[in-house]
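Visitor: The feature transmembrane segment is assigned by TrEMBL to 6-29, 41-67, 79-100, 120-143, 172-201, 221-241, 253-275. Marked as domain 'G-protein coupled receptors family 1 profile' by TrEMBL: 20-273.
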């Protein structure tokens, strides 16, 4: 009974997030005024990546709560681990691209259309996707070569990399080092780029003479900053807790934060962008008013 009650908010959040993200993707495709790089990154990249990441984990978690299906094939576990970490790496790259988009829009507004052309956007998106996927390819092979001669019980609702390798009875030094290197190449690099972008944005916004212009510059970034906080805070907690938390952090807290790390961005990003982004808000009103008029 407890598991059913735990699963209800998760299932509700998942359904709401599916409707919100798919609706937002359709809206950006439908509304020509939203055919800009920022909305492309969010609608056709961030939302889809969030959906794919959560879909690889949450149905399995709900099966655990509803039907007590607590077993998973080892190869399926490795595949789930690859997709979860690969997609989260792509999501981090998308957030970085969105920060660069805001930097160009605020610091070089007159050259925005010439700098962020469609070929540039396509190449940046492809490079971000390939980086997230290619850096994760070695991990399933590294895990598969490890001997598992003790417990095969994972205190988790999905196959997280560190949760799996900690079950091995051999040295996991190589896997840990590779995990740290990928974290540096993706997480730390993206955070540095985002921080640099917003430092330059802040400098450019402060130098504006008009208070209205400064307010407009800051308001265009609030939704993206909210998405960054929603994504990175649980992610860094999960990363550091696994490696440095030891036995000081309860396993239940690990599991809750790790699931929120996947589910919160999926649920909150459409709400945050719908409320904070004026153009999306107007397009939603226009869409429903158009439907009402047609009816």
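Even glycines carry a Cβ here, placed using N, Cα and C.
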Visitor: Short question: most Cβ pairs under 8 Å with the transmembrane segment (172-201), which of 79-100, 221-241, 253-275?
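Guide: Per the Cβ under 8 Å count, 79-100.
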Visitor: Assess whether the transmembrane segment (120-143) lies in contact with the transmembrane segment (79-100), where contact requires at least three Cβ pairs under 8 Å among residues 6 or more apart in sequence.
Guide: yes
Visitor: What residues elsewhere in the chain lie close to the transmembrane segment (41-67), defined as a C-beta under 8 angstroms and at least 6 residues from its ends?
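Guide: The answer is 3-4, 6-7, 10-11, 14, 17-18, 21-22, 24-25, 27-29, 34, 80, 83-84, 87-88, 90-91, 94-95, 97-98, 101, 125, 128, 157-158, 227, 259, 262-263, 265-266, 269-270, 273.
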